[in-house]
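Asker: Below are the structure tokens for one structure; questions will follow.
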Amino acid sequence: MNDNLAHPFPRAGWRNALGGLLLAATASLAHAPASAQGYAGLGTEAEGFALPSPETNFSFPRDHGPHPDFRIEWWYLTANLSGEDGNEYGIQWTLFRSALQPGEADGWDSPQIWMGHAGLTTPDAHFVAERLARGGIGQAGVSAHPFEAWIDDWQMRQTGGSTATLGSLSLSARGEGFGYDLSLQSDGPLVFQGNDGYSVKSPDGQASYYYSQPFYRITGTLSLADGPVRVTGEGWLDREWSSQPLSETQDGWDWISLHLATGAKLMGFRLRDRAGEPFTSATWIDPDGTAFPYSDGHLSLTPLAASDVSGADIPTSWQVDLPDRALSVTLSALNPQSWMSTSFPYWEGPVMISGTHSGRGYLEMTGYGPE
Amino acid sequence: MRRAALQALLSHWRRQPLQLLTLLAGLALATALWSAVQAINAEARRSYAQAASVLDRGTLANLTAPGGTIATDTYAALRRAGWKVSPVIEGRIVRGGQRVAIVGLEPLTAPQGALPETVGPAVPPQEMFSHPGVGFAAPQTVAALADLPDSHDLPRLVAAASMPPGQILTDIAVAGRLLDLKGSMHRLIVLPEQPATRRPLEDVAPDLTLTPPRDGGDLARLTDSFHLNLTAFGLLSFAVGLFIVHGAVGLAFEQRRQVFRTLRALGLPLGTLLGMLLAELLILALIAGSFGVTAGYLIAGALLPDVAATLRGLYGASVPGSLTFDPGWAVSGLGIALLGTLVAAANGLLAVRRMPLLASAQPRAWATLSGRAVRRQAVAGAVLATLGALAPLLADGLVAGFVLMGGLLLGAALALPFFLTTVLGICAGRARSATWEWFWADTRQQLPGLSLALMALLLALATNIGVTTMVSSFRLTFTGWLDQRLVSQLYVTARNEADGEALRAWLTPRAEAVLPIWSLELPLNGTVGEVYGIIDHPIYAEKWPLLAKVPDAWDRLASGTGVLVNEQLARREEVSLGDPLSIGEDWTLPVVAIYSDYGNPLGQAITGLDPLQAGHPELPRLRHGVLTDDPDGLLTALREDFGLPDANMTHQANLKAFSMQVFERTFAVTAALNVLTLAVAAFAILTSLLTLSAMRLPQLAPVWALGLTRSHLARMEVVRSLALAALTFVLALPTGLLLAWALLAVVNVEAFGWRLPMFLFPAQWLALFALALLAALIAAALPVRRLARTAPAQFLKVFADER
């Protein structure tokens, strides 16, 4: 990534540079602060952008929509799926919003830029697509009521159910060699991460607003080269927005969302720090949606084995321990080559859980190179 | 042993520095021209894929609206329906009295390479989207727009060599602000790869028209022919250069026969000897190749502005006038130098390998002339020329044209020794003194050593005659054609439709006639071309240059029952008089005339104005030709009374001057390459003569001993050189004329789509003849001077030496 950012031109081309900018901004929240250093303009200050407040006061459906006064925001859905053909699959659908300046304006003058990432993982293949769009002209955006998030012909749209908890969604995206059309249903409540949705990212206090809807049951169809595959499975939607970068020494993160066979869920992340111990955070979610946040130090994430992915060693097998919940499991990637070769590349793919608990989930890792 | 052997071999070059120089220079020259052409081609190809061309209408498919602008909502709807399209807005602004074209694009969705590649880290991406934004322009445009009082609203301008002058490329938001065009766009570029799942255009935006890209990379095909042309020139120079190297290497081997024999007799294995010779050659090739590549880079840099002008003028292709250094290119240049050296030295190496260990070390002073070999060569030449002549009959396309030219040139080159031997034989037979008989016989005897250099001269002369004839014929035709074609004295363009109406009303009482020049792009037999509608006016029948027509062509045109097509379209679509031509949808007319249309890469048709307007009410009515006796007065009145800006009016004389300027620049490169090739050929003669003069002492010594003075001998040497050059020219002339015919009638038709009549220019031949003699004279000067100064003792030594 350093390379990409140090020389965003001319080889990488404008589009990559823009993608880099966008994710640099995005990453400045959680992913990879090295990038934030690459863009002096994005510095460490919020520069007129709104900042998250520990006194959270969410209102739905309004907060499902965009918050243009914050620098970055995302609508992030991952799903573990089982095909009628007996194969395991995973899909990712993400819409990032990045603001060059706070606020919104009409037409081409809008300072908002949108980026979509779609992924589809099979046991032996991984498909990636990326879209970029300007705000203000309708090519991409999010409306809160009725809920719809879209970029080009990709969309995540409310089809019924509870407006507040986004109980019923349709989801579609396509790229070269793949596509999916899925229907998502959830009876569970929204889950607020950290302290009622105020999620702290470092000992220095950097934080974001962060809530999830982890209870989706999914049916639908994947489109692959060999034809359509009917699938069922479970999905997890993350909503997060902020304006602050990470602290200077944090250089990447490992994030997991696990669907345990018991019906409980676990969200956890580990922010790696060059200057010392990693910063961890976790939320245990009971099957009824009751959330139990765990602050730094309770969760431990330990790499077990690495794979050569795109020329870099990336841990694709992990030991996860949360002693407070007597959880000690091993995560192994469904496909170790789940490399998101987007403008700002990272690893994101489905994992299988074994140990004290079983189940499946999603793993995201940034900052390992070979960016 | 090895060391001693190596020293013995290399000492040769110390004693023969001129020979070393010849070898290095020949190879460097050959490599230089070859790599210069390669560098130019690479640069041009690189830029085709770049910015301006990606955005040019016609490179990719476009969506346009009949009303001219497309709403932002329509764009968003298309994107959301799966269409990968990117918006463009275009317009002009005036700053500091100059017109500047503004092109606005959307960087996030624009096709790859739409923005200049050379932007570099000078532009942080977020600046592109922020106020005042960033604009890319040619360096001269950036300079011209700097510090103007009315340029404060422009974006920050960044110089990009790949941008065409007079244009600013910027973000669509900035362009919209400059052009006062918020919320609408002029066209949508349709990216090459579209998802199969996108919804049909009729469902999403039924009012938009999809214009496919122009004829599968017409530009690439057209420019390919130009590059093939350059490559042929490069190859020719390289071949001529190899003749030089062959001569020099041959001589070096010849003169070292004694050394080889001695080394072998002392026990040096043949393999080691060959290895050493090979290593020596490769090192020399690397040194010369490096010089050549450097020189090639410099030559390419000097020629590129003209090449860029040519490509812009002929094809509308935008190529930057600056050169990028590509290491791959340098390596390939060195590679070709090595390969060329090996080819040129193969003969010598084989001879060393076959040399019997105890053979006499007597230099053979080159092989004696074998009549059979010369005849065999001539027959091969005839076969090649015949094959070349058959190529255009058997196959279509540019390649056939080049096979014809190649066959012709090689055939003539191979036949040259036969031609010269025959003529020299006749001369010897008619000689009236013993001295002259000896002179002719001796000249004939020297032919094998000189024939390669003379072949090089023949190639250079023939190419020169051919290309000069082509260019001059073209110039003559083009000038005459321009005079006919530009019938109006004044050309005016209205600012908009309302302005156009007012302009016509204003002009009608003041001018002899107002001729609308209204056109639009329509599919002609399926391929997009230009369609013009003209009114019925006698001046067309009087002046418009037609190549072929039916008797009542102009009446048929006026009555709407016939269409005129340009030569390019007629050849491309293979339509002739009477054939139907489909114009857009539901309109087919028979072709009633074909007109010449030099310099236009597009197919074009002319119909009556009324039927065209009836079928296409969207026809823009802006451009007009004006017939008047007083163009200057009318120009002033238009400016002062009607208020038309200067930029919207063109005087016929200016248009002509501009066209001729484009024409001259088009062939500037050809002229430069022409001169360079001739220079290489002259150098080839020089090296051959030098080579021979060093070896001919044994042959001259007896003549000297018989009483011819050194200065007499030297004069005869000069005459010999001139005679050979003159004879070569005699064969080069018909070859060159045939070449010109091939260029005009075959290559041009394939490359540009038009055929030109051939004119002959004897004055130019005379000049070239003089030039050839001059080259021979210069080439002979050094060896002759050396001969005249050879000490008598040297002549005597020939008889004394035990050889």
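Placement of Cβ uses the backbone N, Cα and C atoms for every residue, glycine included.
Annotations in TrEMBL come from automatic prediction, not curation.
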Asker: Quick one: sort out which of B:17-40, B:329-352 is the transmembrane segment according to TrEMBL.
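Answerer: Checking TrEMBL against the ranges B:17-40, B:329-352, the transmembrane segment one is B:329-352.
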Asker: Are there residues at least 6 beyond the ends of the transmembrane segment (B:722-744) whose Cβ is under 8 Å from a Cβ of it, and what are they?
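Answerer: Residues 401, 404-405, 408-409, 412, 415-416, 419-420, 423-424, 443, 450, 454, 457-458, 461-470, 473-474, 685, 755-758, 760, 765, 768-769, 772-773, 775-777, 780 contact the transmembrane segment (B:722-744) from elsewhere in the chain.
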Asker: Can you work out which residues elsewhere in the same chain, 6+ from the ends of the transmembrane segment (B:373-395), have a Cβ less than 8 Å from its Cβ atoms?
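Answerer: Same-chain contacts beyond the ends: 401, 403-408, 410-415, 417-419, 421, 746.
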Asker: Please report, as numbers and ranges, the same-chain residues at least 6 past the borders of the transmembrane segment (B:265-288) whose CB is under 8 Å from any CB of it.
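Answerer: Non-local partners: 1-2, 5-6, 9-10, 20, 23-28, 31, 249, 253, 334, 337-338, 340-342, 345, 349, 352-353, 357-358.
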Asker: Compute the average pLDDT of the predicted model within the domain 'ABC3 transporter permease C-terminal' (B:673-792).
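Answerer: Across the residues of the domain 'ABC3 transporter permease C-terminal' (B:673-792) the model's pLDDT averages 80 on the 0 to 100 scale.
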Asker: Let me spell it out: take the transmembrane segment (B:329-352), skip the flanking residues so only those 6+ beyond its ends count, and list any with a Cβ under 8 Å from a Cβ in it.
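Answerer: The answer is 27, 30-31, 34-35, 38-39, 42, 238, 241-242, 245-246, 249-250, 252-254, 260, 273-274, 277-278, 281-282, 284-286, 288-290, 292-293, 296-297.
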Asker: Sequence-remote contacts (6 or more beyond its ends) of the transmembrane segment (B:764-784), Cβ cut-off under 8 Å?
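Answerer: Apart from its flanks, the transmembrane segment (B:764-784) reaches 457, 461, 464-465, 468-469, 472, 678, 681-683, 685-686, 689-690, 692-693, 714, 717-718, 720-722, 724-726, 728-729, 732-733.
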Asker: Going by DSSP assignments with H, G and I as helix and E and B as strand, what are the residue counts for the domain 'ABC3 transporter permease C-terminal' (B:673-792)?
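Answerer: Here the numbers are 102 helix, 0 strand, 18 coil.
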